[in-house]
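Per TrEMBL, these features apply:
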REGION    1-28  region 'Disordered'
COMPBIAS  7-28  compositional bias 'Polar residues'
TRANSMEM  68-88  transmembrane segment
COILED    139-166  coiled coil
COILED    213-330  coiled coil
DOMAIN    372-415  domain 'CusB-like beta-barrel'
Amino acid sequence: MKRIKYPQSSIESQSNTAIDQRNNQKSAELTEVEKAIPEDEIGLDVVSDLEKDRIGHSQSHSSTRRNLFFLAGAIALGISTVGGWNWWQFQKTHISTENAQIQGHLSPISCKISATVQQVLVKDGDYVKAGQPLIILENQDLSLNLQQAQAKLQAAKALLLSASDTVQLTSQTHTTQVQQSQAQLAVSQSSINAARANISQAESAIAVNRAKVAQAQTEVEKTQADYRRYTSLYQSGAVSAQQAESAKAAYENDLANLAATNRIVEQSQAEMSNAQAQLQKAEAEAEVTKGQAAQTDVAEQNVLVQQDQKQIAQAQVDQANVEIALAKKQLEYTAIKAPVSGYVGKLTAQVGQKVQAGQALMAVVPLQTEEVYVEANFKETSLQNLRLGQPAEIEVDAYPGEVFRATVEGISPATGASFALLPPDNATGNYNKVVQWLPVRLAFGPDADPQHKLRAGLSVKVTVSTETSTNESNH
């Protein structure tokens, strides 16, 4: 709100000038009258009348001047009263500060790799769009790194393919060997079981036949005794020749039976020996099969080794892919692009300059109203009615006479002194009360600066209307 001031000294000087002009005009008229009358004709009466007129005019002029003085004083007093009243009303509903600046989101542009600057495509003050190239770095070495990584990838893929084939072949061979060993082991075990059964059967037959041999031996001894006794009785004539022949036949029959039983025992022993030989052979074959099974374990270890080689080859492929991705990303880094739309500032890069990773080369400053804001510092004694959402007027020192609209967007949670590197310590005993300043953030409206005049760092005067707030507008 603009206030018009009317200085009292100016009004008084204008009034005095008008009065002096009128007095001078009257004096000139009297002088002309005096000149028109001849000196010898001028009498005392005429002179007296002229003097009276002149004195009357002077008194009239003095009275008019006093009236004008009183009028000018009344006007000045009225203007001062109205101005003071308006100023008092304005101060009741507004707070202002000149401790304020425009701030902006500066986007520093730095390189992500160490390289040499090949091209600088912009200069200070240029407007750039997001994604627009700003600086081109040399990329010959990085291109060679990419080619080397691609060659390593091809070699790693070939090694992986060979390892995969080897693993497949080794696995198939191992599976076949395991199946053969298991089959041979089953056959050997079956032979062992059959041989053991034959041995057990032969042992049983030998035991039975040996019992028969013992029985036959007993029969032989009995019939032999009968044969000797009947032979003696026949010689003495106590028995007939037929009885003696019968005893002899019985004895010979038992001898034949004993011999046959012995042959059966011998045959059973031979069968047992054969079964034992078969058992030994089956056990030997089983040992051979177990040895082959052990070889299959070695083959299995070989399969595991080949699988490890395959994993190593796969890891080499993955590493080569990562190196390729890194090389491509580094190639992308050689074209430094604008992250946001804005104006270029603080450009330091030069063609041929060797830059290091992380080195600042320029800054892009967006000037859209949503990207710039005002940071105003208000005294703590004037914050009683300050609320979020209250409207504000921004007067920029660089653009006198222009007013930009803004809104209170945020109030700092602490004073500026609280965020200082060395905050004040009031417990030291040397306490002096100092009025604190609280930072307040004000956002511009979407159409507040269509010409993008506002620049970060400009000094401004902020006037906030505390009559309304967000809470009141919501109601």
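Each residue, glycine too, has its Cβ placed from N, Cα and C.
Automated prediction, rather than curation, is the source of TrEMBL annotations.
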Non-local residues, at least 6 beyond the ends, that sit with Cβ under 8 Å of the domain 'CusB-like beta-barrel' (372-415) = 95, 97, 99-105, 366, 435-445, 448-449, 453-456, 458-471, 473
Beyond a gap of at least 6 residues from its ends, the CB atoms lying under 8 Å from the coiled coil (139-166) belong to 113, 115, 306, 309-310, 312-314, 316-317, 319-321, 323-324, 326-328, 330-331, 334
DSSP helix/strand/coil residue counts for the domain 'CusB-like beta-barrel' (372-415) | 3 helix, 23 strand, 18 coil
So what's the average pLDDT for the coiled coil (213-330)?
-> 79
